[in-house]
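Residues or ranges marked as signal peptide in TrEMBL: 1-21. Marked as domain 'Beta-hexosaminidase eukaryotic type N-terminal' by TrEMBL: 22-194. Marked as domain 'Glycoside hydrolase family 20 catalytic' by TrEMBL: 219-558. Among the features that TrEMBL reports, active site, proton donor is placed at Glu380.
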Amino acid sequence: MWSKAKALLAIAAFALTPVDAIWPVPKKISTGDKVLFIDQSIDITYNGDFVCWTPPGSVFDSCNHSAQLNAETLLEKQMPYTYNYQPDAGSKFNSKQIVQAGVSRALQAIFNDNFVPWKLRERNSDFEPDLQKKQWVKSLKIVQTEEDDKSTFKPLAGEVDESYSLTLSEKGEASIKARSSTGILHGLETFLQLFFKHSSGTSWYTPHAPVSIKDEPEYPHRGILLDVARSFFEVEHIKRTIDAMSWSKLNRLHLHITDSQSWPLEIPALPKLAEKGAYRKGLTYSPEDLTDIYEYGIHRGVEVIMEIDMPGHIGVVELAYKDLIVAYNEKPYQWWCKEPPCGAFRMNSSDVYDFLDTLFEDLFPRISPYSAYFHTGGDELNHNDSMLDPGVRSNKTEVLAPLLQKFVDYTHSKTRDAGLTPFVWEEMITEWNITLGKDVVIQSWLGNGAVKAMAEAGHKVIDSDYNFWYLDCGRGQWLNFDNGEAFKTYYPFNDWCGPTKSWRLIYSHDPRAGLSEEAAKLVLGGEAAVWTETIDSVNLDTIVWPRAAVMGEVLWSGRTDASGQNRSQYDAAPRLAELRERMVARGIFALLLSSSVALKPETDTEGMRGRSLGTVSGAYRLRKKALWGMKSKMKLKRT
């Protein structure tokens, strides 16, 4: 009887094995269980033209997408593997080149950077398909139904249509259709997630045909804030972050590029800023670096948004232009700022406005071809700083607020004149009651209903609630304390926002919870914040990934499913584990979130692993209930 019960338990556990699925979960998806193999001879077309292949050392300088080239050169069998193809540099973006580069990355991920999914299968199971019975994915037809325009590549939130549809028939005919090249890129990232590497090392397959997907994002702004001022990140690491963002359909990289700690941004018209403000020579972003980062993002559907935080968080300018700053590195720092070194602009100085004129005239023409936004900061401005300002000598709100209103009006006017839309932090509204234009996007981070209050007041809002989406939290204090009172005060040296935000906590947050339909429309999305007091390029990946992708699913798919129910951790866990494996295979050192045992289907009897996409939630719960029932009966019979 016990052996029979064990067999039944094994069958039930197999029934609980999830269908491997897409991250983020599409709005509509259906999959089958037919196995199809894929190789590099697949025919791929974009709007009827072959996505051509230029071999290394080819006599052809570029792909002209002609049938003659493919027929004569490739022996009538198109091989679209494009060997790290990159679109041409420059701000005149070419949709065909962007799609071709997307195809190149997708095929690179399928054929070179894939993985054998043993961690996601039963222990010692023979889960791989028979190599002697191969049926093939024969073609991928990519169709873009509308032409891209400038707003496609530097869109305001919601301006670009990111939707796509994807099909894969049992006969091996695949298609991706979208209105924009951005939608095509999303479809390609979904397509590559269908395929696994066979342990033979020379075969790749999907077990899910036929596939039908219709997908679009819930929120238009899905981002990461990366602080490159407190720690300097080489361009290659920023690019790697952009890569990983595109894999999980995140589309905004917010570069917090200056702060009181350092000024790594080269401004040719103000050379002393980077010369004095960078941590050392060479740890700067040149104009060429900046252009490279912006273009790299656009080629992957990621818009870069620069922030120069002001009028606070700007103390480093003191090192180059002493007369512009007050309270630089004043002590005790708690009286002057949230963290050292302190420093803010003088709020009543014409020299500050002259400085900003020069700064903006240099910077804005270089970034406006690539982005629709510029973030002017505005967080954590300390009233006390202006007590040291010879032109103010006050910390009273009624004295400072008019000066701050003038400052914000000026910076936002300059931003708009450059064709950019201003961003600010929420304190401009919640603490200073500054009047802002209706176009301004407010970034909220303090929680406690601020998103709801600002959206209901008619403001456009981005949610970065530190209680859920601050990825650096839980790593402890980064300052040192003398023995004595300070030691006692800060013991056991936790940071201000701990504990660590686990993926489950991140997944639980709904930016639009409790909002009216009209107010919800003004919540444009959110950003996971990566403040870098304790993060550099060595540990960046493990801090950010795959947790940022968890926020990405909330913002792409919505916190609730089509039935209005909150999405389940049981549904998400195996899909997230698969995404993590793909990230590692593609070169991102993403953190392991569960042990291999916890991911095994047989471990589901302990409630550690749940249904993934492709099954019905109710059916899953019934199967799980039945499984628990069998366990209970087996325990009774054994006694």
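Glycine residues also receive a Cβ, built from the backbone N, Cα and C atoms like all the rest.
Confidence annotation: the domain 'Beta-hexosaminidase eukaryotic type N-terminal' (22-194) carries a mean pLDDT of 85 in the model. Other Cβ atoms within 10 Å of the Cβ of Glu380 (active site, proton donor) number 15 in total over all chains. In this structure, the residue listed as 'active site, proton donor' belongs to neither helix nor strand by DSSP; it is coil.
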